[in-house]
Amino acid sequence: MSAAPLVGYSSSGSEDEDEAEAAAGGPARPGAGCRPRVQSPLPSQRLPVPDSVLHMFAGTEEGPEDDSAKHGGRVRTFPHERGNWATHVYVPYEAREEFPDLLDALLPHAQTRVPRLVRMEAFHLSLSQSVVLRHHWILPFVQALKERVASRQRFCFTADRVKIYTNEEKTRTFVGLEVTSGHAQFLDLVSEVDRVMEEFDLTTFYKDPSFHISLAWCVGDARLQLEGQCLRELQCPPVPRAP
């Protein structure tokens, strides 16, 4: 913001004398004491701003660095915006003792076809797509979910069919175990989650979902290498035996 131009005011000796005479009660010359002061504008100049001030906040308004190499090569499906939070609803799965044995049998065989496959660090079943929440929506969104699913009863399910999945953008591939029993109960949960999504004007879940537990993933579309003969072999993998 530039300051208004500085203005200089003239103060001649005769004007001072007139004001002094008037204050002492002496006679004033005609027009004395009522003349407007002459304004002589000075040239407007902006003072130079030091470099230390100009670069004081350099880079503070830049967005977060989006380096896919720091995230295993994963690419964002939507751009990051300040105040937005990527969110999805899921049911966590706690692996039992025999689950690691299953992974030890499946993944090495799949990695012979796609060596870049990486084992998942945690396991879950998704009940929603990835959506974007504004920060001030988070608490009411969570509260609405709790109210919707609070009355649902616990149930058992089975996931024992190996299946290959990709995301919508075909930028990632997953080896998963598809749910073969308990599908109807998961659909009931999704119907409640979808109602909350609609309240917040967010995208609902897929129309014909395949509920599954992802076991491993890789960057890119690897369906050609993993489906067909490889998938049939993954469905009945040899169980490793202890030496």
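Cβ atoms here come from the backbone N, Cα and C positions, even for glycine.
Per TrEMBL, these features apply:
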type: REGION; residues: 1-49; note: region 'Disordered'
type: COMPBIAS; residues: 22-33; note: compositional bias 'Low complexity'
type: ACT_SITE; residues: HIS124; note: active site, proton donor/acceptor
type: ACT_SITE; residues: HIS212; note: active site, proton donor/acceptor
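In this structure the C-alpha atoms belonging to HIS212 (active site, proton donor/acceptor) and HIS124 (active site, proton donor/acceptor) are separated by 8 Å. In this view, HIS124 (active site, proton donor/acceptor) is surrounded by 16 other Cβ atoms within 10 Å of its Cβ, with every protein chain counted. Other Cβ atoms within 10 Å of the Cβ of HIS212 (active site, proton donor/acceptor) number 20 in total over all chains.
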